[in-house]
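For reference, the structure discussed in these notes is given below.
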Amino acid sequence: MLIRLLRNHLGPYRWLVVVLLVLQLASTIASLYLPSLNGRIIDEGVAVGQTGPILRLGAIMLGVSLLQVTVTIVATYLASRTSASVGRDVRGSIFDRVAVFSAQEVNRFGAPTLISRSTNDITQVQMVTFMGLTLMVGVPIMMVGGVIMALREDVGLSWLVAVAVPLLALIVGLIIRRMVPQFTLMQKSIDWVNRVLREQITGIRVVRAFVREEHERSRFAEANTQYTGTAIAVGKLMALVFPLVMLVFNASSIAVLWFGAFRVDDGHMEIGALTAFMQYLIFVLMSVMMATFMSTMIPRAEVSAGRIIEVLDTDSSVLEPAPAVTIPGGPVAIEFRDVEFTYPGAEVPVLEGVSFIAHPGQTTAIIGSTGAGKTTLVNLIPRLYDVTGGTVLMGGVDVREAELAAVWSRVGLVPQKPYLFTGSVADNLRYGDADATDEQLWDALRIAQGTDFVHDMPEGLDSAIAQGGGNVSGGQRQRLAIARAVVRRPDIYLFDDSFSALDLMTDRRLRAALEPETADATVIVVAQRVSTIIGADQIVVLEDGKVVGVGSHEDLLIDCTTYQEIVQSQAVAEVA
Ligand SMILES: Nc1ncnc2c1ncn2[C@@H]1O[C@H](COP(=O)(O)OP(=O)(O)OP(=O)(O)O)[C@@H](O)[C@H]1O
């Protein structure tokens, strides 16, 4: 998965990758050259009291060091640039993919995981990419080259390499093997802490109203304690790594000095070669350590890459048709023809055999008990979901055969839970029409009965709206969402229970103001209160996903039992 993800996303940077590999090679060769120069300075200069070789070899050493430092700086810069660019591109790909998802795919994944896949998982992949670009070539060359160079200095001490390298690999490997599950657990603990925290922040009012602070505090403490416990466990293992690695390094150096001293004494080895041998051994040990660390990051990045690819490989269930049929211009009817809809994974359909026509210039109201399928029905029109049976037609064209943008551009949807975006009031209203003038925005607000409260806001149209519309009331949010739909001047208005948070007077004024605006449009209104739809041209009564009556208020009062029951129950409630 990681390889596949990187192959797809490193493509545009392949020349940079080649340059980086060459730079890694140059830097490693330069590093490998330094200890042998150092050894020669000792043997040819210090040991025999000659300053000439010291100066000559010292100058070369200085040059090689400068080259190595420069190459490393450039390589690190390029590697971080490339890995950051890869991260940016993968994030962009996820965003583009999620943007075409229908409600079905968004619900299947869920928003929190889509966000963590776009942030945390990409960071894992980005880190591994950076390490690969800086160490992938250098570490193996350093390991093999270090061994060769050490043997070149002295074969007699080679058994020390054979002992020290596996010993270090074993120690670091064992510690890391215990660390990996802790890392996974830590990731889960972070998710847990985030989840509890998010629920508490968004549900703070419910928590207070139900005096559940103590319960929530203990829930958070539990998650927090697990996270802390895991972090401490990882910390303990980390604390072990450094001293143990240093122990192996130092023990190896002592062993080289001890056994090397005998060889120098016997005349089998020069003192400079001994110094160089020791440095090469340290190089090899460091490479082993880095390779082991890298190998722990790869499984984590592999898991993350799998989670990312799962999103990228998911196709939207709402597809763009080819070729597309054009929906006629101007006011258009919406027709449901024997529509059936079943949610993915559900056993029974939510809508079954739904047929009716909503004509332009008329208001069609949908009424039914909660869970009857009203919202589902409305969502099928702009293809938030596609029908699983039958057809939804817009102007006589099956919505699945028309271009998606063409369908969306004809619809002004006011969802049951209106969502506002961070920005100003005007920014939100211009979602309806990016080119709308301030006058058009005020006009839409007038119709939606929002003029007064927007006027009263400190900066009028430029007043800030918090994320999700958190700084306006439920009724104000609904009115802004209605104004947003009105700004668009669509041919089809879909009001999904959009007046529920308004008091009766505001509701009445809003409907009166809307009437002339929507005179030619097809208006579909989902409603809970019969009193608000009595004047509708046509009322569709839904019960358990089936249409049990279509007609005017008066007709339905005569021949639709379900409608009579709804009217009866609401009348009783009002009297009470
Ligand atoms: N995303 C979903 N996945 C599975 N089932 C769902 C989903 N959304 C809604 N349902 C189910 O479909 C049925 C109809 O839901 P829908 O929201 O359309 O009803 P509604 O008539 O609009 O209700 P209300 O008046 O309470 O808003 C319900 O039984 C609900 O549980």
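The chain as shown is numbered from 1 upward.
Each residue, glycine too, has its Cβ placed from N, Cα and C.
According to TrEMBL, the transmembrane segment annotation covers 12-34 (among others). Outside the transmembrane segment (12-34) by six or more residues, the chain places 61, 64-65, 67-68, 71-72, 74-75, 78-79, 81-82, 85-86, 89, 133-138, 141-142, 145-146, 149, 279-280, 283 with a CB less than 8 A from a CB of the stretch.
The domain 'ABC transmembrane type-1' annotation in TrEMBL covers 18-300.
TrEMBL lists 54-78 (among others) with the feature transmembrane segment. Long-range neighbours of the transmembrane segment (54-78) within the same chain, counting only residues 6 or more positions beyond its ends whose Cβ lies under 8 Å from a Cβ of the stretch, are 16, 19-20, 23-24, 26-27, 30-31, 33-34, 37-38, 40-41, 44-46, 133-134.
Annotated transmembrane segment per TrEMBL: 127-151 (among others), in sequence order.
As annotated by TrEMBL, transmembrane segment applies to 157-176 (among others).
Sequence annotations record features per position, and here TrEMBL assigns transmembrane segment to 237-259 (among others).
The feature transmembrane segment is assigned by TrEMBL to 271-293 (among others).
Taken from TrEMBL, the feature domain 'ABC transporter' covers 334-569.
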Looking only at residues six or more beyond either end of the transmembrane segment (237-259), which have a C-beta under 8 A from one in the stretch?
157, 160, 164, 167-168, 171-172, 175, 178-179, 182, 274, 277-278, 281-282, 285, 289
